[in-house]
Amino acid sequence: VSLQELMQPESGANGTAIAEFILLGLVEAPGLQPVVFVLFLFAYLVTVGGNLSILAAVLVEPKLHTPMYFFLGNLSVLDVGCISVTVPSVLSRLLSHKRAVPYGACLTQLFFFHLFVGVDCFLLTAMAYDRFLAICRPLTYSTRMSQTVQRMLVAASWACAFTNALTHTVAMSMLNFCGPNVINHFYCDLPQLFQLSCSSTQLNELLLFAVGFIMAGTPMALIVISYIHVASAVLRIRSAEGRKKAFSTCGSHLTVVVIFYGSGIFNYMRLGSTKLSDKDKAVGIFNTVINPMLNPIIYSLRNPDVQSALWRMLTGRRLLA
């Protein structure tokens, strides 16, 4: 049976609610599926191991008990959550050779994916604000970025992301699915489900753009503004060593921001396209697998404090506080 035939509605299926979706996964060829399994399992283990190592380093190392590392520890938890929403289910489907996903499980995956990605959005903004205060307002930094402020920023990030994820999930549950139930992807997400709905998705798409503007547009604008101020402050530093140190603390964060927002914008701003191609799967891999895997690599490779903390953890040494 060809992909085109699978994607067509079954005769007489109109008006009946479907109970499950069929996820085609990443590759059709059975020979390539073990390769995909090994790569995804490797990526999952590296991501979980890397992020939990950074979290452990932040918790046990007194030198890392600063606002920037508090946010980085939270980011590590999110990355583990983000990859755990999609990859284990892909691995289990590859092992069992079952592609069917119950309707409820699909919506649950959608909710948690948008929850973790949403918190990521706001947390990256909080980290940019932290860099802005540290470099541009050093005298008032400790009061403006107190432990209470840090916790409030993280709590607000979770609250906003929860509202966003719940809004999209409830809006999706209002749609009717009566015809084709085949998703040419490896996880359930909004663009793919919009295409399968029998009812109009116009309001859902408007909601996605409106909420997306608030959820992604506002944080992006705040990050850009923060870094414009940071760049102008750093360029005023006389010593080359001082400039290098200030930029190095921002470089890792900026790299993560560019990758995260670049792949996210490409994924959700192309809803008008009639056909979901393999390009969308590639962007999906970026969003769900590569981003969470890159974060610990970027932060640990570019950061001597994290490197030394990880080394001390591995060798069992402790820094005397």
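Note: Cβ is positioned from N, Cα and C throughout, glycine not excepted.
A TrEMBL annotation is a machine prediction, not a hand-curated record.
TrEMBL annotations:
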TRANSMEM  35-60  transmembrane segment
DOMAIN    50-299  domain 'G-protein coupled receptors family 1 profile'
TRANSMEM  69-91  transmembrane segment
TRANSMEM  111-132  transmembrane segment
TRANSMEM  153-175  transmembrane segment
TRANSMEM  206-235  transmembrane segment
TRANSMEM  247-269  transmembrane segment
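When pLDDT values are averaged over the domain 'G-protein coupled receptors family 1 profile' (50-299), the model yields 86. Against the transmembrane segment (206-235), the recorded stretches 35-60, 69-91, 111-132, 153-175 differ in Cβ pairs under 8 Å, and the greatest number is found for 111-132.
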